Amino acid sequence: MSSIFKEGIYDTGSYARTGTLDLNGIQIQTPIFMPVGTRGSIKSLTSEDIDELGYNLILANTYHLYLKPGKEVFDHFQGLKNFMSYKKALLTDSGGFQVFSLASLFKFEDDGVRFQSHIDGSHHKFTPASVIDMQRSIGSDIMMVLDDCAPYGSDTKRLELALDRTHRWAKESFAYWMENPGGQNVFPIVQGGVNETLRLRSLETLQKIDFPGIAIGGLSVGEPRPEYIRILECMAPHLDKSRPRYLMGVGTVVDILEGVKNGIDMFDCVLPTRNARNGQVFTSKGKINLRNESHRLSDSPIDPQCECKVCKTYSLGYIRHLHKVKELTAFSLSTYHNLFFMQSFMEKMRKSIEIGNFQGFYDHWKNLFGS
């Protein structure tokens with residue numbers, strides 16, 4: 001039984017459920033969406049903004065924080081939370097995915113992965129123990145193990161090799177973490193691409209280890225949505241009910257709907273913040289491109305039904321103008337709105353599960369945001 005998670009209410013027609021995460025006394029209601037503060041900041045927002053928006057759990061990236069500002073800085077400041085004046089809970093990924101996708105060169109070894117920084121070409125090595133040590137210095141409440149995320153389209157041989165590494169490194173990470181767990185938790189990462197047999201093998205292997213939660217990686221990395229849904233559906237009946245389930249890097253409205261329907265509790269993605277900076281915002285009527293000429297004279301808010309301070313204060317026409325002339329305020333206003341939308345969306349989703357109307361909620365939002 002996970003000591004950090006308490007189940008709530010189950011939807012009778014799917015695997016959707018509510019629950020409560022307890023991370024060192026900070027209560028987080030699930031299903032939850034986590035904004036991404038890759039380098040220790042939610043781009044264009046302050047830590048006060050994040051608190052005002054009601055987010056009790058955010059994500060940061062070990063790879064980027066390891067390179068800049070580095071472990072020494074976090075040891076000096078006693079963690080990222082103190083460094084960025086953030087008071088709530090923090091999750092960090094292990095940095096493995098960024099090594100494979102960003103590093104100019106990388107090479108697998110039995111005990112880890114060597115890579116060159118995408119910033120200056122300097123040489124580094126991640127091992128299961130070193131990424132735990134880095135995340136201890138960051139001070140995250142939930143840490144991730146080092147894993148091997150095979151690219152979408154990999155053949156069975158490559159996927160099996162990734163599973164072997166991922167499982168071996170997960171066991172090493174667990175043993176190392178257990179020497180000094182402190183107040184931090186660590187999740188393993190299920191891999192296997194879009195191969196159902198390998199996904200179930202990975203899930204079974206990792207759930208046999210007494211990790212406090214489980215993460216699912218390697219989805220929403222380029223596969224068609226039917227493949228994404230198929231893998232979620234194959235795993236859903238086998239997910240341990242006592243542990244929180246985290247689907248990594250997933251954050252579109254439709255993908256979250258499919259995830260929750262199949263028992264996922266936690267999501268993160270850069271999409272709401274990145275889209276906001278590019279002039280795309282989410283509303284109760286679907287997506288809006290703020291730069292469209294049709295909004296030039298609009299004195300309406302982004303979303304008349306939205307209660308955020310941006311929609312209560314500024315017109316769509318004004319925010320469009322800020323984007324068109326590339327004012328930095330455009331980024332902060334649009335990002336604030338999108339994260340308010342995501343927080344409200346997840347709150348309404350939890351309510352729909354509690355009152356037995358998840359299917360109606362699912363149908364409504366899927367119709368608005370795409371098939």
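Glycine is treated like the rest: Cβ placed from N, Cα and C.
As given in Swiss-Prot:
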type     : residues                                                  : note
BINDING  : ASP93, SER94, GLY95, GLY96, PHE97, ASP147, GLN191, GLY218 : substrate binding site
ACT_SITE : ASP93                                                     : active site, proton acceptor
REGION   : 249-255                                                   : region 'RNA binding'
ACT_SITE : ASP268                                                    : active site, nucleophile
REGION   : 273-277                                                   : region 'RNA binding'
BINDING  : CYS306, CYS308, CYS311, HIS337                            : Zn(2+) binding site
Nearest-integer angstrom distance between the alpha carbons (Cα) of GLN191 (substrate binding site) and ASP268 (active site, nucleophile): 17
The residue listed as 'active site, nucleophile' versus binding-site residues ASP93, GLY95, CYS306 - nearest by Cα: ASP93
Cα proximity to GLY95 (substrate binding site), best match among binding-site residues CYS308, CYS311, HIS337: HIS337
Minimum Cα separation from CYS311 (Zn(2+) binding site), reported as the residue among binding-site residues ASP93, SER94, GLY96, ASP147, GLY218 that achieves it: ASP93
When distances run from the Cα of SER94 (substrate binding site) to each of the binding-site residues CYS306, CYS308, HIS337, the nearest one: HIS337
Nearest of the binding-site residues (CYS306, CYS308, HIS337) to ASP93 (substrate binding site) - Cα to Cα: HIS337
Shortest C-alpha distance to ASP147 (substrate binding site) - which of the binding-site residues CYS306, CYS308, HIS337: HIS337
